[in-house]
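So that you can see what the record holds, here are the features copied from TrEMBL:
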REGION    72-108  region 'Disordered'
COMPBIAS  87-104  compositional bias 'Polar residues'
DOMAIN    112-219  domain 'Cadherin'
DOMAIN    220-334  domain 'Cadherin'
DOMAIN    404-451  domain 'Cadherin'
DOMAIN    452-559  domain 'Cadherin'
DOMAIN    558-666  domain 'Cadherin'
TRANSMEM  666-699  transmembrane segment
Amino acid sequence: VKFNNCAGNKGVQYETNSLDFKVRVDGTMYAAHQVQMPAKQLILMVTAWDPQTLGRWEAIVRFLVAEKLQHNGHKPKGRKTVPGELAQQQSDTLLPWRQHQSANGLRRQKRDWVIPPINVPENSRGPFPQQLVRIRSDKDKEIHIRYSITGVGADQPPMEVFSIDPVSGRMYVTRPMDREERASYHLRAHAVDMNGNKVENPIDLYIYVIDMNDNRPEFINQVYNGSVDEGSKPGTYVMTVTANDADDSTTANGMVRYRIVTQTPQSPSQNMFTINSETGDIVTVAAGLDREKVQQYIVIVQATDMEGNLNYGLSNTATAIITVTDVNDNPPEFTTSTPSVCWVPRCTSRRIQSLLRNGMAWQQKAVRGGTPHATRTRVLTRSRFGFSRPRGPREKMQHFAAAVDYEMNRAFMLTVMVSNQAPLASGIQMSFQSTAGVTISVTDVNEAPYFPTNHKLIRLEEGVPTGTVLTTFSAVDPDRFMQQAVRYSKLSDPANWLNINATNGQITTAAVLDRESDYIKNNVYEATFLAADNGIPPASGTGTLQIYLIDINDNAPELLPKEAQICEKPNLNVINITATDADIDPNIGPFVFELPSMPSAVRKNWTITRLNGDYAQLSLRIMYLEAGVYDVPIIVTDSGNPPLYNTCVIKVKVCPCDENGDCTTIGAVAAAGLGTGAIIAILICIIILLTMVLLFVVWMKRREKERHTKQLLIDPEDDVRDNILKYDEEGGGEEDQDYDLSQLQQPETMDHVLNKTPGVRRVDERPIGAEPQYPIRPVIPHPGDIGDFINEGLRAADNDPTAPPYDSLLVFDYEGSGSTAGSVSSLNSSSSGDQDYDYLNDWGPRFKKLADMYGGGEED
């Protein structure tokens, strides 16, 4: 065997997985002792490893066993070995069912030959199916034999991972293997004749999946918290970080090594900590930890497989937060004992703290609220006063033990002593207490309300309905002896999701809370509220409410890309599909990809293969698909509870491709969906549209020509139709208006008309002389006579040469002079009272009112 580690192979050692064979330093393999070979081939695993770098390399070696020649140099008696048979011996065919020659013919060996394991690397790219080995029996020269395999991966789930050619005995793997899913397979090979009778005993086949480095190390936690005392010596243990790798831990693929990438802040040194590369233990490596200077360190830790090889290994990072804890290394001290005066509103303990710090040179450096090293403040001169335990890391004295009111006491003389609750650290030789005098003068002012829990954090699921009560965020008014009311209002609500009761501070939802909103930062929604009292002057305080929204599965997954391109023949290229989800774990992947059953052409033409939790491949199932644009629906389902699915449509352009798998120019046009039939249909539509436009233009020209051929019967200047007539123009009076007002009055006689000389007449005068005879209405009208009467009058007016050629007032019946309301004789009705008006009902809806008034018989 030949091996080269690019370093001269210095110190490289070889070993095999068999005790019968060994490998020398120069790579020569030899038998350690006399070995009886039971088969025609032997498969061994040879490993080369470097003791210095601990690197390991493996290779598979197959030995082909030939017939042993006699010592005299002659071939053994019997049939000759032809070149074809020698080539067959050198193939990868396994003969698990061995037979031995004896005087009585062939006899079977008592136990079958043990087939060495078959190694298959995971994540193979194919092509599939990929041949593993060929199995055959010596009896296949006598009878026809059919081969089959059974077991997990063949006829048991997962099905059809391995297959075998029943005639040739060639065994194949049909798809890529995943060692993390299953590391080995145990199959049994069977040989039967054409009638199904067993010819050979079943043999065991062991298939091992060779691990590949396809998994990154994963930390158990993304954030680790640890602590170390300030002033700790180098080598002090801090914490342990742990990362796991899903690959084989016995190989370099699963061997994880740790290292520190960055440290923040880099004070007093950039390397304050170190980590054990194998165990992940973090310890201090330098002195100088001081909580008063640096209270917290953030360390980024990297885990890399392949034994920490950054060139070949996969890496991942985690954050280690190291808190420097306080030790009592600074005693309190007053630099002066001169009494001081405190003129403050109600002289709160916080103001006394400021006085002791500034006016009296407060010299306590290591003070943290709630720790054993914090100071204790006591009043020595007046026992009814004192200071309670601090409530925060920056508050040394918060309030008095007894109430101090301006109306009760205006001034106090106090002697204050400050001391440590715990003794000083070893090596500190100083007094642990100090005293000072304080004069307190109280003035009365209004103090602002405050929220006891600020920031207040609540947790709830997203999507709660509108009007849901979340919590009561109430404030406390320190002016307990003043009758003041506190009112609440919103100060900051970016998404306008919340409402607050103005009187009791109860918070309800005004809209549905959505974790996927842009207003959410790290799953937290933050709103600020204002609490104000009605004092003089008014005082107010603010409080922040943080709502941690727990994700629910309310977003269906989506697929990318929306458009893709593929060749019209399979096995040339595939479409890689990526699933995305707006939710977070565990409501996202792994995703399930599938094609819908309807329409049936989708599953007939296409197939989808899931690569891993987020990716899949879409490819053609049939051998040929006509070029064009296809809408391929894909159903993608997430892993939420309950799961959500979405049917995404991907526009796939199928086109002819060249030998490189790229669409040709002609194929790109055909794939656009414009076939020969479609182009012909479009051309026909264009021709029909042009013909319709041409016919419309000809018709418009013909109509225009006919209109111009008609002659006007009057002068266009005398045509007053559709013209604007100004009637409100006053001018110089009615004298200068050429109007004949007599035409607007009821004529007394017709003499002035009859005596008018012939010539030009006014267009609105009643015609005289020889005129067409207009029809006379009948005495008793008939429902149809009204229309006939109007039509006959219209025809007479059209044939009247003296009538104006436009619509004008036509006089159908002149009744003479007299009062227009004096008689109704023109109706020609009888005054006897026996007139029948029932015919009015037959004249239609316009005469219904008259029919109701005069018809109906004697009912009234």
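Positions of Cβ are set from backbone N, Cα and C atoms, glycine also.
Secondary structure of the domain 'Cadherin' (558-666) per DSSP, as helix, strand and coil residue counts: 8 helix, 51 strand, 50 coil. Across the domain 'Cadherin' (112-219), DSSP assigns 4 helix, 53 strand, 51 coil. This prediction places the mean pLDDT of the domain 'Cadherin' (558-666) at 84. Residue counts for the domain 'Cadherin' (220-334) under DSSP (helix as H, G, I; strand as E, B; rest coil) come to 6 helix, 49 strand, 60 coil.
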